[in-house]
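J.: This is the structure, below, for whatever I ask next.
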């Protein structure tokens with residue numbers, strides 16, 4: 001029986017080569033796309049699940065609360081982890097990660113800046129399942145020990161065994177006691193090396209020194225929720241009293257987050273780069289629609305050919321074939337085409353996988369047998385989606401009606417047109433989505449941030465104190481070159497130094513808020529062309545106590561309840577800590593020191609040049625060599641690391657840029673697949689109406705009227721799809737735009753453009769067959785009957 005089904009399916013496939021080819025191309029391309037997105041989604045959801053106890057590991061986060069602010073930090077206080085471990089027996093172990101802001105490693109005569117180097121507690125290998133290639137779990141038990149990843153070990157020691165070798169980091173000597181297998185790409189916390197945790201002398205400020213990631217290993221995963229509630233008691237008894245003793249009036253609340261959920265938790269300060277659950281959902285839905293559109297092509301082809309197949313069905317029923325046998329036969333035909341398509345899709349997927357990885361910047365790994373099961377499951381699912389309706393439709397007709405030519409095709413026409421409407425509605429919605437995402441991304445990158453970002457080179461300063469002291473000499477040397485327009489020892493303008501708790505008094509009422517602050521010098525505002533709207537800039541030529549002076553932005557003035565006209569000269573009072581009271585000497589226009597996902601917050605700019613983190617140089621890209629040569633002459637052993645500000649600014653919107661690119665590809669793909677189906681339907685329709693076309697031409701019909709007649713049948717569903725898609729696309733993109741503090745408006749022309757594109761592409765697809773049929777000799781058309 002199965003052999004017979006296969007023979008009939010193969011014979012049908014070969015007898016309808018064009019339609020079979022259309023189906024195979026559409027299905028194979030859509031399945032390849034679907035498999036790639038499945039791998040992408042699987043990789044994103046697999047973050048940190050390779051740890052054996054992943055479900056029992058939690059991160060402690062900090063919420064800093066005042067009467068007017070609530071800020072979440074991914075980091076926690078210096079001593080929070082050890083205190084929790086001592087207090088609660090359900091905690092098996094804790095481990096802290098503290099990043100070295102700048103790690104300079106000496107390699108022979110050269111000094112190299114390395115990122116992602118952390119100090120960690122020795123308990124790290126009891127909590128996390130990092131694989132040690134050399135060394136033991138006690139590798140970090142002794143002071144001044146370092147564990148390297150394979151990548152870093154090879155970089156500094158080549159093929160030699162690094163165990164027992166010495167590395168000098170920030171003028172501190174470390175002994176290599178272990179080598180780790182390179183971390184997989186699907187981990188939230190990436191590092192190149194781990195150093196022994198250095199326990200500094202405990203201070204009262206440890207509770208507010210939020211500088212380390214803290215992880216807990218709980219004994220029982222089920223107790224996590226109950227333990228989360230205990231943290232409130234911990235804060236009340238061991239945290240808040242210490243904060244009040246320091247003179248602060250804000251509150252700290254600690255919460256825990258599951259390790260396996262961290263990759264999608266956004267909105268915390270000092271956190272690692274995150275994935276987007278929203279974009280994953282969008283891509284998964286798009287993949288499903290792409291596959292569904294290809295399945296619709298298959299259904300449409302079968303329904304369109306139903307007149308031919310109905311006679312075959314009638315004959316089979318007359319000779320005794322049952323409905324179950326006919327359903328089996330048609331499902332067999334579907335599975336044959338889909339199996340061929342699945343095989344082709346694997347080759348297509350392998351070919352385009354490098355491009356997809358380049359677009360997403362994520363290497364895709366295969367999950368083993370689960371991927372094989374997914375492929376088989378997809379074949380079965382697509383087989384049912386594509387084959388079940390045609391099988392039920394064709395097997396359900398009455399053989400006697402077909403033999404008497406009493407079968408009516410009206411029902412199948414409605415089905416076919418409805419499916420075409422769905423296909424193009426999806427296509428139009430995707431086009432609108434692509435236009436909105438593209439314009440929003442362009443808006444984010446082109447909106448005036450309140451400072452000039454072009455031709456500004458941001459040089460990173462090493463953490464070595466002796467090097468930082470040379471930055472004033474570097475500034476002076478660069479300023480002498482005519483190709484350098486300006487030099488500042490201020491901070492990169494798209495970041496900040498930290499936050500300070502500021503007291504506000506309005507009508508006798510006191511309120512506090514954590515306010516951003518950043519270091520600048522007297523050149524900073526002019527170099528970046530940040531507008532000074534009131535007061536004056538810092539002036540290094542005028543003697544003053546600059547430690548007690550500050551420049552604030554318009555948002556700060558507004559929050560304090562001041563006016564720009566009376567803000568200058570006001571005193572800002574910190575709440576607690578050792579920051580002195582500061583006098584406002586100037587007000588600058590608001591500028592975006594964070595991405596446009598968030599609204600502009602109040603910020604204070606203070607004067608400091610003795611320990612700069614960056615050197616800003618206004619210079620043309622072609623003249624960067626000037627800065628490099630001056631750097632090399634003054635600091636020969638330290639690497640020169642710099643980026644232009646506009647590039648760093650645009651990197652804030654990498655997720656949107658990736659989404660724009662992927663959606664553009666998906667839109668083109670789904671339109672291509674829909675047009676494949678439309679081409680097949682147009683071909684079949686013109687074949688069925690060959691005699692009618694011949695008669696019309698004999699009676700004097702023009703080529704234009706025939707083309708219009710044939711095209712009109714397909715344009716109606718496309719026009720209807722515009723009406724269906726527009727409100728859905730508007731709602732979906734309106735919801736997406738709510739994630740931005742600054743956003744574009746969804747304008748009417750986007751829907752018009754999407755509709756015109758769909759109509760134009762549909763016309764081009766259908767017109768080829770329409771014109772071909774209209775040009776055919778009517779004698780041949782009538783003879784074909």
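Heads up, the Cβ atoms here are built off N, Cα and C, so glycines get one too.
In case it helps, TrEMBL gives these features for our protein:
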type	residues	note
DOMAIN	20-233	domain 'MacB-like periplasmic core'
DOMAIN	285-395	domain 'ABC3 transporter permease C-terminal'
DOMAIN	666-778	domain 'ABC3 transporter permease C-terminal'
TRANSMEM	21-42	transmembrane segment
TRANSMEM	279-299	transmembrane segment
TRANSMEM	334-356	transmembrane segment
TRANSMEM	368-393	transmembrane segment
TRANSMEM	414-437	transmembrane segment
TRANSMEM	662-684	transmembrane segment
TRANSMEM	714-733	transmembrane segment
TRANSMEM	748-768	transmembrane segment
J.: What residues in the same chain, six or more past the boundaries of the transmembrane segment (368-393), come closer than 8 Å to it by Cβ-Cβ distance?
T.: 27, 31, 34-35, 38-39, 42, 291-292, 294-295, 298-299, 302-303, 306, 326-327, 329-331, 333-335, 338-339, 342, 346, 412, 415
J.: Applying the under-8 angstroms CB criterion, which one of 414-437, 662-684, 714-733, 748-768 scores highest with the transmembrane segment (21-42)?
T.: 662-684
J.: Please identify the stretch among 279-299, 334-356, 662-684 with the greatest number of Cβ pairs below 8 Å relative to the transmembrane segment (714-733).
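T.: Comparing 279-299, 334-356, 662-684: 662-684 has the most Cβ pairs near the transmembrane segment (714-733).
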J.: Tally the residues of the domain 'ABC3 transporter permease C-terminal' (666-778) by DSSP class, grouping H, G and I as helix, E and B as strand, and everything else as coil.
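T.: Its residues divide into 96 helix, 0 strand, 17 coil.
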J.: Over the domain 'ABC3 transporter permease C-terminal' (285-395), what does the predicted model average in pLDDT?
T.: 78
